[in-house]
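Undergrad: Mind having a look at this structure? Questions to follow.
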Amino acid sequence: MTRQAVPKPAYEDLVDCQSAMFEWAESFDSKDWDRLSACLAPTLFLDYSDIMGKKWDALPVEEFIGMASSPHFLGNARIKTQHFIGASKWTQPDEGQIVGFHQMRVAHQKYGDDELKQVLYHGHAHGKATTYYRNVGGQWKFAGLVPDVRWTEFDCDKIFEH
């Protein structure tokens, strides 16, 4: 059986995409929306069918940041997360785009008080994520995400209830 060659990105481009992915995850978890804005492409492809039942082909960056920073989502100061990225593989379907495939575990904790002492719920999502990167003005930017949640633990479904 022969395998068809899958185009792979150059090492320097891959490192730049890993950096954009790190900035995306860290800005989500630290709720640093300016930092998030700096690593994103002008529009994003998002398929959140698994987690929100929604999909966007070209969501403007401002709308994405507004959604992410909403008090009903990650902008809620009583919700803490960690987006942990495991093993990855990468392809480059064309000169201006790179696609990453990553093992993911996302830990969530929701508190009942502003001092973050009373834990109401905790839940973890396990699966993989397909991420997209676009070369914008010579710099690789995070340009899309398709989470694939395989299973969850604890009260993951209650974290974003309001």
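Going from the start of the chain as shown, residues are counted 1 onward.
Cβ atoms here come from the backbone N, Cα and C positions, even for glycine.
Note that the coordinates shown come from a computational prediction; the quantities given were computed from them, not determined experimentally.
Straight out of Swiss-Prot:
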type	residues	note
BINDING	Tyr48	substrate binding site
ACT_SITE	His83	active site
ACT_SITE	His108	active site
Undergrad: Per DSSP, to which secondary structure element type does the residue listed as 'substrate binding site' belong, with helix, strand and coil as the options?
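TA: In the DSSP reduction, the residue listed as 'substrate binding site' maps to strand.
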Undergrad: Find, among the active-site residues listed as His83, His108, the one whose Cβ has the highest number of other Cβ atoms within 10 Å in the structure shown.
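TA: Counting Cβ neighbours within 10 Å, the top one is His108.
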Undergrad: Distance between Tyr48 (substrate binding site) and His108 (active site) at the Cα atoms, whole Å?
TA: 17
Undergrad: Using the alpha carbons only, what distance in Å do you get between His108 (active site) and His83 (active site) once rounded?
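TA: Approximately 9 Å lies between the Cα of His108 (active site) and that of His83 (active site).
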Undergrad: Give me the count of other Cβ atoms within 10 A of the Cβ belonging to the residue listed as 'substrate binding site'.
TA: 15
